[in-house]
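Engineer: Pasting the relevant annotations from Swiss-Prot:
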- H38: active site, proton donor (ACT_SITE)
- 31-38, 150-153, V179, 187-190: ATP binding site (BINDING)
- Q62, Q156: (R)-pantoate binding site (BINDING)
- Q62: beta-alanine binding site (BINDING)
Amino acid sequence: MIDTVTDLSRLRGIVADWRRQGLRVALVPTMGNLHAGHFSLVMLARHYADRVVSSVFVNPTQFGPHEDFQRYPRTPEADMRGLENVGCDVLWLPSVETMYPLGTERTVRLFVPCVSDVLEGTFRPGHFEGVCTVVARLFNQVLPDVAVFGKKDYQQLVVIRQMVVDLAFPIEILGGCIVRESDGLAMSSRNQYLSMQQRPQAAEIHRTLIAMRDAVMSGGVHADVEAEAVRRLEAAGFQVDYAVIRLSDLGEPIDGIVISPGIALVAARLGNTRLIDNLEF
């Protein structure tokens, strides 16, 4: 049975006991409203560790002033049942006061330069600063051997890996594959914001990513591929933030060179819902 923990001292006691037994510990950080994509991360963690802690914390410092912090879906009972079903050992539910004892305005903040400034960083200033700050705190609270993050938030994964290297956290970072609906739409907690009419339209993002990958692998000029992707998404009713081809480290590729490993990334709005997705190749 899953152990739900809200006290930091108790969490540290549990983890210390596991350590005394020589057990490996994994952390799966989440913001709740969990779906099959999240649960796949827990199952991946179980392959690499003896015990799994999953945190649920809707982190206020990674939301911008006009984003959906207040209305972000919170489903604690369903989250607990789902985590228990996939073998999570501890559900860590910290309060805002536990995570930010001095308040969110006075807290120490972490920032990873360069990779945090592009793509999502352009459209969501301060987002990765909030992500790095809360993830570093979770690392210090749980002291895991391994931590698992979803590849749907690909830039977040790259940023966290850089932070771990720069700050010498002795933690292995794993990326879990994107879990998709039957029509290719990447599973996301924000999909529930889509109307019945918008839901079929949303799958066009994945089809566009496939077209981008195929065009690049056939020798297409990256700027042309990106421009066509924007046209395609706009024709499907999206307001596009970006549709780009990048190297796997998010560096910009050189035209005329077929890159592998590479990645196509899209962020676009359908009505009031902002969706992100990517496709590695």
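Using N, Cα and C of the backbone, Cβ positions are placed for all residues, glycine too.
Walk me through the surroundings of each of these features.
Structural biologist: Counting only residues at least six positions away in the same chain, the Cβ atoms of V28, T30, G82, G150 sit under 8 Å from the Cβ of H38 (active site, proton donor). DSSP assigns H38 (active site, proton donor) to a helix in the three-state reduction.
The Cβ neighbour count for G37 (ATP binding site), using a 10 Å radius and every protein chain shown, is 20.
Under the three-state DSSP scheme, Q156 ((R)-pantoate binding site) falls in the helix class.
The C-beta environment of Q62 ((R)-pantoate binding site), restricted to residues of the same chain at least 6 apart in sequence and closer than 8 Å, consists of G126, H127, F128, E129, G130, V131, V134.
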Engineer: Would you mind reading off the Cα separation of G37 (ATP binding site) from Q156 ((R)-pantoate binding site), to the nearest angstrom?
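Structural biologist: Cα-Cα, rounded: 16 Å.
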Engineer: In the structure shown, with every protein chain counted, which of the binding-site residues M31, L34, V179 has the densest set of Cβ atoms within 10 angstroms of its Cβ?
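Structural biologist: Of M31, L34, V179, the one with the most crowded Cβ is L34.
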Engineer: With the cut-off set at 10 Å between Cβ atoms, which of these binding-site residues ends up with the most neighbours? Options: Q156, S189.
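Structural biologist: It comes out as Q156.
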Engineer: Cα distance, Q156 ((R)-pantoate binding site) to S189 (ATP binding site), nearest Å?
Structural biologist: 16
Engineer: Reduce the DSSP letter at K151 (ATP binding site) to three states and note it down.
Structural biologist: helix
